[in-house]
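Here's the structure we're looking at; comments come further down.
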Amino acid sequence: MRRGRAAAAPAPVTGEPNGSGGSKEIRFRGVRKRPWGRFAAEIRDPWKKTRVWLGTFDSAEDAARAYDAAARALRGPKAKTNFPLPYAHHHQFNQGHNPNNDPFVDSRFYPQDNPIISQRPTSSSMSSTVESFSGPRPPPAPRQQTTASSRKYTRSPPVVPDDCHSDCDSSSSVVDHGDCEKENDNDNDNIASSSFRKPLLFDLNLPPPMDDAGADDLHCTALCL
């Protein structure tokens with residue numbers, strides 16, 4: 001009786017996904033293994049044409065997720081990644097994904113982008129088709145009223161001397177102070193000149209003396225003048 005050789009079943013190829021001792025190693029996009037056992041992740045910037053360092057991780061999966069997050073941030077949802085993005089995460093990414101909130105992305109390479117608010121000018125008809133990207137303009141500061149115009153002073157009626165009321169018209173609403181002052185000055189000058197006038201050398205009520213003829217001639221001459 002001939003003995004047939006039993007066909008040996010092929011042994012399954014086993015190996016760890018991280019490549020820490022198996023015959024076959026799973027390789028991820030953008031991930032390299034370091035000699036000391038850690039995994040480094042990096043990605044190529046399509047705009048700057050340079051490699052961006054993402055960091056060193058303990059496992060290949062963490063490094064691959066960091067690469068996937070950076071690839072979606074640079075190239076959008078159609079970027080080639082290591083792991084497929086679930087529908088829920090894909091919907092959130094389309095709504096608005098911020099790479100700074102991702103724990104696997106270095107925020108130093110992705111600065112925060114401020115939203116740009118467009119504003120249309122309303123003054124000119126030709127500039128109505130051009131959008132202004134300078135952002136909302138601050139409201140103009142309210143104009144401060146001058147203190148001189150804001151303050152109101154009560155005007156007191158002018159003081160008019162008593163002599164002016166007799167000479168000026170009482171029915172007129174405007175009093176000319178200059179004319180009144182001139183008349184008052186003239187009256188004062190007349191009073192001063194009359195009060196300080198030198199007295200005569202003789203009294204006209206008394207008869208002239210008869211003893212001196214020369215004195216009579218003098219008095220007669222004075223009376224004629």
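Note: Cβ is positioned from N, Cα and C throughout, glycine not excepted.
Among the features that Swiss-Prot reports, DNA-binding region is placed at 27-84. Taken from Swiss-Prot, the feature compositional bias 'Low complexity' applies to 1-12, 118-134. The compositional bias 'Basic and acidic residues' annotation in Swiss-Prot covers 176-185. Annotated region 'Disordered' per Swiss-Prot: 1-29, 82-193, in sequence order. Taken from Swiss-Prot, the feature motif 'EAR-like (transcriptional repression)' applies to 202-208.
On the 0 to 100 pLDDT scale, the model's mean across the motif 'EAR-like (transcriptional repression)' (202-208) is 72.
Helix first, then strand, then coil: DSSP counts for the DNA-binding region (27-84) stand at 16 helix, 18 strand, 24 coil.
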